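Down below is the structure, laid out as structure tokens.
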Amino acid sequence: MSQSVQGSQLRKIVARAVQQWIWSPSVDVGRRSLHKNVKRPVIVNKRSTDILHDPWFNKGTAYPLAERDRLGLRGLLPPRIMTFDQQYERFMGNFRSLEKHTKDGAEDMTALAKWRILNRLHDRNETLYYRVLISNIEQFAPIIYTPTIGLVCQRYSGLYRRPRGMYFTARDRGEMMSIVYNWPSTQVDMIVVTDGSRILGLGDLGVQGIGIPIGKLDLYVAAAGINPQRVMPVMIDVGTNNQALLDNPQYMGLQHTRIEGDDYISLIDEFMEAVFTRWPNVIVQFEDFQNKWAFKLLQRYRNQYRTFNDDVQGTAGVALGGLLGAVRAMGKPMEDLVKQKIVVVGAGSAGLGVVNMVKSAMQRLLGGHSSETHKKAIDQFWILDKDGLVTKARDNLASDVEQYAREVEESEGSGSLKDGATLLEVVQKVKPDVLLGLSGVGGLFTQQVLEAMKESGCPRPAIFPLSNPTANAECTAKEAFQHAGPNIVFASGSPFRDVDLGGGQTGHSNQGNNMYFFPGIGLGTLMAGAHHISDGMLHAAAEELAAIMTPEQLEEGIIYPAVSRIREITARVAAAIVKEAVKEDIAEGYRDTDIKELRRLVQDDAVLLKYIEDHMWMPDYSPLVYPHV
Ligand SMILES: NC(=O)C1=CN([C@@H]2O[C@H](COP(=O)(O)OP(=O)(O)OC[C@H]3O[C@@H](n4cnc5c(N)ncnc54)[C@H](O)[C@@H]3O)[C@@H](O)[C@H]2O)C=CC1
Ligand SMILES: CC(=O)C(=O)O
Ligand SMILES: [Mg+2]
């Protein structure tokens, strides 16, 4: 045997030993042994009531007799042993009964009651919770995610029962590197972090924003199959500028205004260093940071760590996928994206993220990145913020917005539009193909604006009120179809019901939400073992998302898949991410799949997809063993 073979074997043995150590049994739920139908046990370090009170290992009434003996549970549970299926049916029966009894109640109260019943299950038995969530994702996503999660965050201090996630504050300066070891999991794959400064379209909710990382990570488990023991929601409490919260005696966060400037940045730096020191392969998703910090932090960390900003990059990917679908729904090839006149209302982290990615996609379609294609691409955008149309006449424009500022009083095409022109004026003059809202302001797409879209001359205008939660959407689905006509393509950030257009016609209401994208970014990056998340990876994933819809669906105005398909979609988005990371040579491999093996896997789409799907966690009870040493 040659030296090099011996060396590579040795490396493999060491790598395996490290894997086994990382995959400590207490976190490796549900792996099957090589013998069919025999599940490997999970070694736990607790027994008796301690295990009943641990939601990771609690099985409620489903512990088999032998396990009740092993774990000292005999006599502590009702005698009948239920199956996982029976437990599932019991929960769903209770849920349906709640639905029936609250159907005539106030909508908000009903939604909160549903969240409570799910949250209690989450706190009690994680395995059953995720089974319920995965099996009914379309029904439950609006509760654990937007819109209900917005309501939950607004009331979090009152709703709080048990801790979930980690909290870091300025008081922890110099200590974060140690504090991070308080987290009970030996391995964390995904962190979603917020500072609570811009929660959905609801503004600064301070520490109560923790509901968002929790909801996003629920989707990581449900959609991407990340093991729930390997996710960590994080709140960095730097204070709040929301006076109502500061005045609220029940508010659970620090009672001072937000830390700013270098003090703020150094705190986030310390957090990043701490989590990447303990878990070097973790992926950190920034979520709902106010615009002021979102881009700065993304630029600061994106080449150094495995990190991305969901509002900037996730929203952009999902919007690009939707726009490509809308172009195809017009009966045109995807390449015609470059000809679309796009009005974007909202020049914040989400709005600019979208514009940047769509502009870049246009440049690629125009033959590559050059000053000429840049000019051609930016000419397709009209951007409005709270002060109306953004033009070069504005003072103190941030450089990321400035490039999209229109010339003042353009004589051609858009007629004469002044700085600060209203949305109605812009739509009437520009006659856009696409109207996209990321302003956080409900009702901005008024009847007049929507009627002006109808007059735009576009055979199939795209109307995307993407702001969340529901009350903050720029218009409802009904309003859009009613005023802009039955032929529009509609997508909103929070779900609306399809609209009955009469005569057997349905106006399809798509949900254009980054939930179709971020779980795949995280999963793909994890499985690729990519050093960082490149623009190329995000573009490839957006194109994959756009390619999922069939021509028949697009013809009907369906540009995003049903939420019930979210696992399948996420696997495909993740596969696109892995492929591109390998192509760009920034992938290192995942667990015992080294880069050589990964290169082989990406040769065949079906093989790669199966590989990804096989690594997705599914909720199931594993035998539990308490070692007597
Ligand atoms: N559907 C989805 O997947 C996503 C939706 N969003 C939603 O987008 C909204 C905005 O998020 P960010 O960009 O992060 O917020 P942001 O605070 O960074 O930006 C908001 C922008 O809207 C502008 N604006 C405010 N009032 C306006 C008005 N009356 N007319 C025109 N523009 C106005 C502001 O000047 C600013 O440019 C939120 O409601 C959020 O929930 C964000 C990320 C993903
Ligand atoms: C969906 C999302 O990320 C937001 O509204 O902020
Ligand atoms: Mg967000």
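Backbone N, Cα and C atoms are what each Cβ position is placed from, and that goes for glycine too.
The divalent metal cation site recorded in TrEMBL comprises Glu287, Asp288 together with one of Asp269, Asp311, namely Asp311. Just one of Asn136, Asn248, Asn513 is listed by TrEMBL for the same (S)-malate site as Arg198, Asn468, and that one is Asn513. Ranked by Cα separation from Arg198 ((S)-malate binding site), the recorded positions Tyr145, Lys216, Asp288, Asp311 are led by Asp288.
Taken in sequence order, the recorded positions Tyr145, Lys216, Glu287, Asp288 that lie near ligand 1, meaning a CB under 6 Å from one of its atoms, form an empty set. Reported as a whole number, the C-alpha separation between Asp311 (divalent metal cation binding site) and Asn468 ((S)-malate binding site) equals 12 Å. Taking Cβ-Cβ distances under 8 Å and a sequence separation of 6 or more, the neighbours of Lys216 (active site, proton acceptor) in its chain are Tyr145, Val192, Pro233, Gln285, Glu287, Asp310, Phe518. For Asp288 (divalent metal cation binding site), the Cβ neighbour count at a 10 Å cut-off comes to 25, with all displayed protein chains included. The two recorded residues Asn468 ((S)-malate binding site) and Asp288 (divalent metal cation binding site) have their Cα atoms spaced 12 Å from each other. For ligand 3, the neighbouring binding-site residues among Arg198, Glu287, Asp288, Asp311, Asn513 are Glu287, Asp288, Asp311, by Cβ distance under 6 Å.
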